[in-house]
Amino acid sequence: MASFKLATDLPEWKKLEETYKSVGEKFSVRDAFAKDPKRFEEFSWIYKNYDDSKILFDFSKNLVNKEILDQLVTLAKEAGVEKLRDAMFAGDHINTTEDRAVYHVALRNRALRKMPVDGKDTAQEVDDVLKHMKEFSDSIRDGSWTGYTGKSITDVVNIGIGGSDLGPVMVTEALKAYSKPGLNVHFISNIDGTHTAETLKNLNPETTLFLIASKTFTTAETITNATSAKNWFLATAKDSKHIAKHFAALSTNEKEVVAFGIDAKNMFGFESWVGGRYSVWSAIGLSVAIYIGFENFNDFLKGAEAMDQHFLTTPLENNIPVIGGLLSVWYNNFFGAQTHLVVPFDQYLHRFPAYLQQLSMESNGKSVTRANVFTNYQTGTILFGEPATNAQHSFFQLVHQGTKLIPADFILAAQSHNPIEKNLHQRMLASNFFAQSEALMVGKDEAKVKAEGATGGLVPHKEFSGNRPTTSILAQKITPATLGSLIAYYEHLTFTEGAIWNINSFDQWGVELGKVLAKVIGKELDDKKAVATHDASTNGLINQFKEWEE
């Protein structure tokens, strides 16, 4: 338990409020660069991965100077970021509302360090699951695992929702360059029957493997979709004994798994200390291991492990994810920014913003502190994004000339997996990556607009205020190790935010109420009687649905 109730009680928070009024509110990044030729060197860090690959994190275009950053670091120390971080890595129950450890970092403990939780070491248990995943994924990839007619598997369908879907979807898309030709992965998450129907309509039951991803094996959407998939399969296979060759479970509920018809040998478990939004590192990542191969999946884990060690051992003033989190707090709580933009200049990363939405907004979308009092300050930001250059032709107008401050992260790899046309496409992509962050910073003033020939009432329409903050993240190449490090960077950034706001970033009570009400309404939809048990709007909507349903 932190020693403070509210972040606003911290002495450094009050000092930062004064600093914002005296310096931050009028801070000019352009002027800061003009005054300090070494600003880029002072506010950028090169992260070195376990395989010697590198990622450059450039924070120099943000609205801070050294004094402000020093104050933010002091705030982190006062808030106990280091203490909470160390408690997480020690396996303590920092998820206080559910009395659980938060130990996803143990899932990528490839150095097999001692990482006990509740008096039990996790290293061997995690390694055993990974060995099982390797054996299974290798057998799918080499064709030795066959379906009920003796044919090799060509299509793997992961059925899950939330963290059991978003992580595997994002990672398989991001690492598609490492996939095996002829082996495809598909994902079903939405309870909308269209998602299941469209996914299955071109698949062959004889060569399809289903992975049912549900920790409890009772998640309503997942089990409904899984049952529909089983019925689709049995319509061709006929005999339920064939389920064993075509279904595996990523779950901890052996009783329900076996009752479904899945062989217990094809069940891959994980512990209660694995939160859904952090579960891609666990057995939930089996679809990833099958798609890109276990060695690449292991590199993915090791990349995350390397960022974990950086976060755990690096002083806060040079700690890359901590700095990212501190900047987020600075904009959110002192500038009043409500959103954060993430733009990957990489088509393979097109699902990365959606993945980060869950990580950030489910973790820090809280209004009660760990001291059980309501906050008197903003917490979780609204995170959004799309890949560039597409994004430049949609919402970048608002980012450049709108009335809202939208801090942004831009992500680019120097080396493309597809350097077509003598790398012309990648150089064009890179030129936009560099140009957008520069344009957001420098803007365009009235004099320059007039110098370019604009006159009269057109002039203000072509002005750009600039001074819009960006963080540029430049990797050498998007490899499994690089992606692992990038995800872990955002995990620990999110952790830092939550620690400063003194909220529990590891529960998600907000998703429960709607699910409970949906069960009640689901029963009401089973008959044709008009309902009158809700508010007038909900009654009206339900009754109109019943009238139009058939």
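Just so you know, glycine gets a Cβ as well, placed from its N, Cα and C.
Quick look at what Swiss-Prot lists:
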BINDING   Gly163, Ser164, Ser214, Lys215, Thr216, Phe217, Thr218, Thr219, Gln358, Glu362, His393, Lys515  D-glucose 6-phosphate binding site
ACT_SITE  Glu362  active site, proton donor
ACT_SITE  His393  active site
ACT_SITE  Lys515  active site
Listed D-glucose 6-phosphate-binding residues Gly163, Ser164, Ser214, Lys215, Thr216, Phe217, Thr218, Thr219, Gln358, Glu362, His393, Lys515 - what's their greatest C-alpha to C-alpha distance in Å?
43
I'd like to confirm something. Which of the recorded positions, Ser214, Thr218, Gln358, Glu362, His393, has a Cα closest to the Cα of Lys515 (active site)?
Thr218
CA-CA, which of the binding-site residues Gly163, Thr216, Thr218 lies nearest the residue listed as 'active site, proton donor'?
Gly163
Cβ proximity for Thr216 (D-glucose 6-phosphate binding site), under 8 A, sequence spacing 6+, ordered by residue number, returns Ser251, Thr252, Asn253, Glu256
Counting only other Cβ atoms and using a 10 Å cut-off, which of the binding-site residues Ser214, Thr218, Gln358 scores lowest?
Thr218
DSSP, reduced to three states, assigns Ser214 (D-glucose 6-phosphate binding site) to coil
When a 10 Å sphere is centred on the Cβ of Gly163 (D-glucose 6-phosphate binding site), how many other Cβ atoms does it contain?
24
Glu362 (active site, proton donor) has its Cβ surrounded, within 10 angstroms, by a count of other Cβ atoms equal to 23
